[in-house]
Structure formats: C-alpha cells, structure tokens
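For 46-188, the entry in TrEMBL reads domain 'Lactate/malate dehydrogenase N-terminal'. According to TrEMBL, the NAD(+) binding site annotation covers G51, A52, A53, G54, G55, I56, G57, D77, N137, I160, S161, N162, M271. Annotation source TrEMBL lists substrate binding site at R124, R130, N162, R196. What TrEMBL records for 190-353 is domain 'Lactate/malate dehydrogenase C-terminal'. According to TrEMBL, the active site, proton acceptor annotation covers H220.
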Amino acid sequence: MEARAAANHRIARITSHLQPPNFKDGGDVLVERAECRAKGGAPGFKVAILGAAGGIGQSLSLLMKINPLVSVLHLYDVVNTPGVTADVSHMDTGAVVRGFLGQPQLEGALTGMDLVIIPAGVPRKPGMTRDDLFKINAGIVKTLCEGIAKFCPNAIVNLISNPVNSTVAISAEVFKKAGTYDPKRLLGVTTLDVVRANTFVAEVLGVDPREVDVPVVGGHAGVTILPLLSQVKPPSSFTAEEVEYLTNRIQNGGTEVVEAKAGAGSATLSMAYAAAKFADACLRGLKGEAGVVECSFVQSQVTELPFFATKVRLGRGGAEEVFQLGPLNEYERIGLEKAKQELAESIQKGIDFIRK
Ligand SMILES: NC(=O)C1=CN([C@@H]2O[C@H](COP(=O)(O)OP(=O)(O)OC[C@H]3O[C@@H](n4cnc5c(N)ncnc54)[C@H](O)[C@@H]3O)[C@@H](O)[C@H]2O)C=CC1
Ligand SMILES: O=C([O-])CC(=O)C(=O)O
C-alpha cells in the first residue's frame, strides 16, 4: 500500500508539470510496477524498437504493446518518439512503454533489453533496389549495433533494415569487433516473404492462408527470395505456370508495394505484422516453448555462404537449430544457384563495410 501511495505521489508530481510520464522518472515507477506484475504473474520480456517512429515502427509498436509476453517496451528513434510513445502508452494492455529520443538516449533505450527489433533506416522509392539503400542504412545499422554491443550484448536482435542481405553481415562484424557476437542471437527478418508466400499460394489453392505454410529460403531481395513450393504444407501440386507466377510474385512482392505507394515508401503494415509475428516467435522461444520454428536469415552452414535464410528453431538462446533445405526440385535447384550468386556479393559488401 505504501509503495503504491509513493508511486502515485511521484506520478502526480510529474503529471502536474504536464510532462509526458515516459520521458521523466514517472516512467521508472511504471516500469517498477510492470516488473512487480511480471514477478507475480506471467513472465514479461523487455523489448526495444529502434526506428519506432517510422512507417513500420509505429504499427510494430502498437502490435508489441498488445503482446502479452512483453512487460516493458522501449521506443527509440531520432525523431518523434515523444508523440508515438504518449499515444501507444495509453493502450490498456500490460506492457509499460517508455520513449527515447536521439543518440544520447540510446543507452537508456537498450539497457536491460531481452529483444531489440530494428526497423530504422530509409525505405525504397519506385525504381530503386534494396541495395540502393545500403549507403544510408549501413551506417545507421552500424551505429545501432555498436550501441547493442555496449548496452545489451545478450539481447536477441531482429534486423529488418534493408538491404537485409548486407545489414545482417554488417551487424555480425560490429558484434565480432566488440567481442559480443553470438550467431544464434542475430536474426535477419524474412517473415514478410513467408507471409506473402502463404497469402499468394492460398489464393491459388483457394484455401485460407492460415492453413498454408510455405518455406522461403535464401535471402531478402529479388532472386535471393526462394520459395520452396515443392515443400508447401498441406502438400499441394502446382502447374509450371502457377510455379512461375507464384515465384515471381513472391520475389517481387516488395516492389509491388513500392510501386503502388508511388513514392510514399514501401511495405509498412504487412511488415509490421510480419515483424510482430517473428518477434512473438522469438519471445516464445526465449520463454522455453518447444517447437517454435520460423524462417530467418542467420549465420548458417546449410550452403557455402556464411549467412542464409532457412527454417530455424527458436529457443532460449535464439536460433538454436538451423534446418537444412530439404529435397529441392530442378526449378528450385536452379533458383538456388541464382540466389547464392547474388547473396554472396551482398554479404561480402556488408562485411567489407566494417572491415575496410
Ligand atoms: N526486412 C523486411 O522484410 C523489410 C524491410 N524494410 C525496411 O525497413 C526500413 C524502415 O522502413 P520504414 O519504416 O518504411 O521507413 P520510415 O522512413 O518510415 O521509418 C524509418 C525510421 O527510422 C528512423 N531512423 C533513421 N535513422 C535512425 C537512427 N540512426 N536511429 C534510429 N532511428 C532512425 C527514422 O527517423 C524513421 O522514423 C527500410 O530500410 C525498409 O527498406 C521494409 C519492409 C520490409
Ligand atoms: O521492398 C522493399 O523495399 C521493402 C521490403 O523489403 C519488402 O517489402 O519486402
């Protein structure tokens, strides 16, 4: 009772100054309460979103705020986090939300986090490839990962910023340099490719997309996105025309959205959904749930490349098991060779950015 009175006193003091509570020590009171709740009830994880005020970041903040596995949600960006934080923090769900603005507040945003999700960086406009974003996004990802290495080296990292085929390699190099690299904890987010594949395949089959599971392997750009239609669940067969149509549509799903948005950015809503789905899987793994399997772009020995997306089993340590490709048909074997060629260059570009 006394603790509650003290907490209320502090909140009253802060609100009387009309300060957003999450930017002052009132946030600490709320976080303490969340931690108490977490101790007494369901376990809660601490999650940070870097780039939280962006197109993906805002919707993702909303979706993580309604995830019952999250007890504390840190929203970091270089602009506009006070508004996004005030807005999201009014939702009557369990997670306590705190906002952090700009580089000087990166330490506060990251300290103590279990999971860090990174959608920071510029999106494509029509006519651009994901690789065209490298120039700007490589530096952003480098800076943020240097912060992670310093302030929450044991956190699981979900990397969304494009080009994912290069930014994952950049992050790995930053962590290696800092001596904190654990390949199991660095995961490139390719869930949107799977989400799209499930949707498009379900349309062709005339079934509910929730009943469909399409493994998508390789990477996250053009021909490096390789849907394995021969392994679709439930087992299904496709005509050669259907395979061609589905493969092209899945590989170009991002471009389809970029063109439809006509200069206003790339996929944000479906991406936030995909990122929330993947983050939830990571949190369920962290909690110790068995059999959590998702596709992700991770350090891998499945091919000769250092990173590759396949199904991985998520556990307390992150990507605890990286699954093999399984049997491929001729069409997929040809696709795999093309994917590997482009991937090799993108990965090397990321490595060189840090080493050179
Ligand atoms: N992995 C995937 O499947 C997908 C990846 N993306 C990528 O996600 C990224 C973000 O996309 P959107 O949210 O649409 O872009 P956006 O421009 O709407 O938002 C990006 C946010 O990042 C912030 N930001 C910039 N520099 C930062 C820094 N140093 N620290 C923290 N935040 C910083 C910006 O202020 C902005 O709020 C892009 O690189 C995009 O290509 C987009 C869709 C799918
Ligand atoms: O296409 C883009 O630039 C954004 C992205 O990665 C996607 O939607 O898959």
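Positions of Cβ are set from backbone N, Cα and C atoms, glycine also.
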Which of G51, G55, G57, the listed binding-site residues, has fewest other Cβ atoms within 10 Å:
G55
Under a criterion of Cβ-Cβ distance under 8 Å and sequence separation of at least 6, what residues of the same chain contact R124 (substrate binding site)?
R130, D132, L133, N162, G254, V258, G265, S266
Cα separation, M271 (NAD(+) binding site) to R196 (substrate binding site) (Å, whole number):
10
Neighbour count, 10 Å Cβ-Cβ cut-off, for S161 (NAD(+) binding site): what number do you get?
28
Please check each of the binding-site residues N137, N162, R196 and report the ones with a CB atom less than 6 Å from an atom of ligand 1, ordered along the sequence.
N137, N162
Residues R124, R130, N162, R196 binding substrate per the record - widest CA separation, whole Å:
18
Looking only at Cβ atoms, how many others are within 10 Å of the one on M271 (NAD(+) binding site)?
23
Which binding-site residues from the list A53, G55, R124, N162, R196 come close to ligand 2, meaning a Cβ under 6 Å from one of its atoms?
R124, N162
Just to be sure I understand the packing, how many Cβ atoms besides its own are within 10 Å of the Cβ of H220 (active site, proton acceptor)?
26
Recorded NAD(+) binding residues, G51, A52, A53, G54, G55, I56, G57, D77, N137, I160, S161, N162, M271 - maximal Cα separation rounded to whole Å:
18
Name, in the order they occur in the sequence, the residues of the same chain whose CB lies under 8 A from the CB of A53 (NAD(+) binding site) and which sit 6 or more residues away.
L75, D77, V79, N80, T81, G83, V84
Helix, strand or coil at M271 (NAD(+) binding site), per DSSP?
helix
Looking only at the domain 'Lactate/malate dehydrogenase C-terminal' (190-353), what is the mean pLDDT?
98
Which one is it: of the binding-site residues N137, N162, which Cβ has the fewest other Cβ atoms within 10 Å in this structure?
N137
Listed in sequence order, residues not in R124, R130, N162, R196 with Cβ within 8 Å of the centre of the substrate site Cβ atoms:
P123, P163, H220, A221, G254, T255, V258, S266, A267
